[in-house]
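Trainee: Here TrEMBL flags Phe53, Ile54, Val55, Ile56, His57, Tyr115, Arg119, Thr256 as substrate binding site. What TrEMBL lists as heme binding site is His242.
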Amino acid sequence: MTKNETYQNKAAEAEKGIHTDFNNNMTYGEYLQLDTLLSSQDRLSDHHDEMLFIVIHQVSELWMKLILHETNAAIESIKADDLPTSFKRLARVSKIQSQIIQAWDVLSTMTPSEYMEFRDSLGQASGFQSYQYRLIEFALGYKTGHILKIYEKDQELHKILEQAFHAPSLYDVSIQALAKAGLPINPDMVNRDFSKPYKADDSVREAWLTVYRNVDQYWDLYQLGEKLVDIEDWLQQWRFRHMKTVERIIGFKVGTGGSSGVNYLKKVLDQRFFPELWDLRTEI
Ligand code: HEM
Ligand SMILES: N[C@@H](CC(=O)c1ccccc1NC=O)C(=O)O
């Protein structure tokens, strides 16, 4: 490798978050960058419980980072017709989701009056602005364009979100896998504009029905379908616990992000990711 190629390699790895400057004397703290990690909990009030609030959010964002890493890898595996590898990744996503949900139990130990003592210091900040949460929604196939506006001021972030917005989701590549297995799928579904919200389709429902009725013949696709159902199930449980925790802590106050609060979060519960996989259950 020429010197130039080495530099190019390093630049590409740094972009992916990989650093290749190994150091044999490296410590635990250095490896995990604990200096950065553990000095990122600056409270804006002197309220004891603000530490809990910050840590819960940071832990959730770290888990979301791993969910994205795994989901995007699963999308690539499905595209490459390697379904067994995607199962490992998707099973991990579900386990992480079950972990994140536990965070609500910890947060619920904070009472309404405790939260109200530091809520004002949060200004207009809101979980509504969590870009990793939106990237997860996009990766799963829930595409809402108006969300992109929030990030217009940050060009780099906006670009990342826009890319994910236009890319085929986990469900899009799963539908392509159904078509590749010879199941008759409406061509408009295979080559659709991936930035458009997903709408349930009869040919997709029929194809999943065939898979679920002929499990032995379509074992891998059946496994894939159930992995997707697991993920949607957990995501809805996360949303439900969020909504209930919010009701428990702020009642029906309007949100800092400008929404109606709990009523908005209840409405979001109606959004579905993999509609045909749920609909087919009535027919089986
Ligand atoms: C005391 C705790 C919490 C309260 C009172 C709360 C309240 C709210 C409210 C009212 C909204 C609606 C948007 C708005 O108007 O602000 C919202 C959205 C959101 N929150 Fe929280 N939240 C809390 C904890 C969390 C935690 C721990 C997370 C984890 C990261 C989180 C993530 C989100 C996300 C992702 C949204 C956007 C949901 C969507 O648009 O579908 N929240 N939250
Ligand atoms: N939307 C919340 C504020 C809030 O929860 C929040 C504020 C800053 C950073 C993260 C937050 N968490 C989730 O929405 C509220 O209305 O009280």
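Residue numbering: from 1, along the chain as shown.
Heads up, the Cβ atoms here are built off N, Cα and C, so glycines get one too.
Nobody curates TrEMBL annotations by hand; they come from automatic prediction.
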Trainee: Give the sequence-ordered list of residues that share a chain with the residue listed as 'heme binding site', lie 6 or more positions from it, and have CB atoms under 8 Å from its CB.
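Mentor: Listed in sequence order: Trp104, Leu265.
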Trainee: Can you count the other CB atoms that lie within 10 A of the CB of Ile56 (substrate binding site)?
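Mentor: Step by step: centre on the Cβ of Ile56 (substrate binding site), count other Cβ atoms within 10 Å, giving 16.
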Trainee: Using CB under 6 Å from any atom of ligand 2, narrow the binding-site residues Val55, Tyr115, Thr256 to the ones that qualify.
Mentor: Thr256
Trainee: Can you go through the binding-site residues Ile54, Val55, Arg119, Thr256 and pick out those with a C-beta less than 6 angstroms from ligand 1?
Mentor: Thr256
Trainee: Around the C-beta of Phe53 (substrate binding site), how many further C-beta atoms are within 10 angstroms, looking at every protein chain?
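Mentor: There are 20 such Cβ atoms around Phe53 (substrate binding site).
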Trainee: Enumerate same-chain residues with a sequence separation of six or more from Ile54 (substrate binding site) and a Cβ-Cβ distance below 8 A; give 'none' if the list is empty.
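Mentor: Listed in sequence order, they are Gln41, Asp42, Arg43.
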Trainee: Any idea of the Cα spread of the substrate site, Phe53, Ile54, Val55, Ile56, His57, Tyr115, Arg119, Thr256, as a max distance in Å?
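Mentor: That value is 19 Å for the farthest Cα pair.
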